Amino acid sequence: SKHPDPFHTLREVEILDAKTREKLCFLDKVEPHATIAEIKNLFTKTHPQWYPARQSLRLDPKGKSLKDEDILQKLPVGTTATLYFRDLGAQISWVTVFLTEYAGPLFIYLLFYFRVPFIYGHKYDFTSSRHTVVHLACICHSFHYVKRLLETLFVHRFSHGTMPLRNIFKNCTYYWGFAAWMAYYINHPLYTPPTYGAQQVKLALAIFVICQLGNFSIHMALRDLRPAGSKTRKIPYPTKNPFTWLFLLVSCPNYTYEVGSWIGFAIMTQCLPVALFSLVGFTQMTIWAKGKHRSYLKEFRDYPPLRMPIIPFLL
């Protein structure tokens, strides 16, 4: 007897709970070239509470999540595939997360800048600081978050559509809390300008502006690497824009410039909470940069050997 074409035998897929091994779903007659995304959609029909973004399907209960674009017949499974399901929890779109994270600090900072009632005591309600640096700091802070909001809407391309809802509370506590803490001191009626006066402010402003331009340039360069709607990954290289030349030495110059901006802002305001915010941000961004650097090295054999994750020649 002739064997049927092994590549077009309809497959069976059983989905078990990764923790309890309980059978959640059995799909018969699955096309061999079905993707994991399509299997997730079929699973959702029997379990509507788990929409595709909440699902992690894996070949091994403790293994890595399969990618949405993985194809059933290319996975190391027989005609009956056993997949293990984990619930990733309620999901929220990245765009929503970023808009919430960044609109908060923008709004909160302005409450302190305009000295709305109940912050500094009655006689200061809606008064204005007499120090130029305070007004400049407000412009810089607002510019930074407006830039971030516009980039979220028009520049960034996200490789994952969603993230767990619980993350938004953690992230907002960080961004909103620090914005309030910095704004309280910088806009305080007793605030004193930096020690070296106008010279210090001008130097710091230059650092801030250069780093903001650099950060934007890197975001644009990264956006141009990934065509709309695709998930292709390429090695980022410097372009004609001089701000992108930092790619010669670091894998994540967007983080390098971001940290530089906050260092500039800390020098300009000479405010301890800003310095702490810069330090915490630098620590977190170093972790992200190292992760990104590792995945570049793993993915690309010809990755430039000179590059460091975030600080040239150092880190």
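Keep in mind that glycine also has a Cβ here, set from the backbone N, Cα and C atoms.
Keep in mind the model is a prediction, meaning the values are calculated, not measured.
Now, the feature entries from TrEMBL:
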- 12-87: domain 'TECR-like N-terminal' (DOMAIN)
- 92-114: transmembrane segment (TRANSMEM)
- 162-315: domain '3-oxo-5-alpha-steroid 4-dehydrogenase C-terminal' (DOMAIN)
- 203-222: transmembrane segment (TRANSMEM)
- 263-288: transmembrane segment (TRANSMEM)
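Panel annotation: around the transmembrane segment (92-114), residues 126, 134, 138, 141-142, 145-146, 148-149, 152-153, 156, 158, 160-165, 167-168, 171-172, 175-176, 178-180, 182-184, 186-187 of the same chain, lying at least six beyond its termini, place a Cβ under 8 Å from a Cβ of the stretch. The average pLDDT computed over the domain '3-oxo-5-alpha-steroid 4-dehydrogenase C-terminal' (162-315) stands at 95. According to DSSP, the secondary structure content of the domain 'TECR-like N-terminal' (12-87) in residues is 17 helix, 28 strand, 31 coil.
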